[in-house]
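Q: Can you keep this structure in mind? I'll have questions shortly.
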Amino acid sequence: MVRLGWHDSGTYDKNIEEWPQRGGADGSLRFEPELKHGANAGLINALKLIQPIKDKYPGISYADLFQLASATAIEEVGGPKIPMKYGRVDVTEPEQCPPEGRLPDAGPRDPAGHLREVFYRMGLDDKEIVALSGAHTLGRARPDRSGWGKPETKYTKDGPGEPGGQSWTVEWLKFDNSYFKLLTTLQDMKFLSQIPLEEQKEQDLLVLPTDAALFEDPSFKVYAEKYAEDQEAFFKDYAEAHAKLSDLGAKFDPPEGFSLDDITSDEPADDKKEEAAPTPEPVVAAAPPAAPAPEPVAVAVATATADDNNGAAPQPEPFSAAKYSYGKRELSDSMKQKIRAEYEGFGGSPDKPMQSNYFLNIMILIAGLAFLTSLVGN
């Protein structure tokens, strides 16, 4: 999942302004031409795992879904919470895929120079290159996909999941700074570039030329040694770099994007009482930004559960004005969505409020009809 998100966004070229020619996080990796790029070998398996979620929530863009899966994977295996935003727009045709050759190579002739060439093109610096490299603490390389690694090792022969491949770390489903700790041991040994090929094949843990470069290059080494000693510093820098990478090249709708925290919050209702202003339409003001595109990923994630309606999103309840009478109590997110839908159904929107009060007009109309009825009766 991390590789899927990164390879979708990692095609970004900061020197190209036009979208989607500039590449980046635009969902193009779902198309066959890009899936066939050499660097993307095997990612069809990740796409197959993603597709049922896309089918269940078609309003989510592929671009958002890839990056959501990537950030969620990091958090689920003990890594930091990534400050993500969503609202990415998908490309629509295979012809909009970026050209092959924009992703990094694991074994270039000049590893450090190659890393800088690729990541500088994306607008990332040395610190971000080293921090992102720390994600090699996860997963395995497979010779039939990347051309690197062994078919299996003592750490991977029994899985979990599909067995095989060669990992960089012993606990390759745990996100921590062990990748950097293991690389520090190479300072007392020969680096990979100096180890004969036959000796490399005997190792159970993988060290690519681009991994070894983090301690061979003086600028990279400063950050690599820091992360080996301080996991908290690594987590902080990694989370920022991951979020930045996930936004590269993306076109957002709304333009500023939105956060899942805009729609779901763990704060207790009592803590929010002072924040809600006593305006005639407080719920509308608190609703998330509207977009002309289909239902955004945040709404789907916030309102759906796994076991309702055989996996389908919950159906809206019939509108009841009585449910608006909550006084100062904080409304639930689902109720805010219902109120929002009703409000927009009457012609209003968060960006352009209705010119008149719908409910007040109804009361005036009823009063007028009652007056006319009394006249007719008299």
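Just so it is clear, glycine is given a Cβ too, placed from its N, Cα and C backbone atoms.
Straight out of TrEMBL:
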type     : residues : note
DOMAIN   : 24-271   : domain 'Plant heme peroxidase family profile'
REGION   : 140-164  : region 'Disordered'
COMPBIAS : 141-160  : compositional bias 'Basic and acidic residues'
REGION   : 255-291  : region 'Disordered'
TRANSMEM : 358-377  : transmembrane segment
Q: How do the residues of the region 'Disordered' (140-164) split into helix, strand and coil according to DSSP?
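A: Going through the region 'Disordered' (140-164) residue by residue, I get 0 helix, 2 strand, 23 coil.
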Q: Across the domain 'Plant heme peroxidase family profile' (24-271), what is the average pLDDT of the model, as a whole number?
A: 91
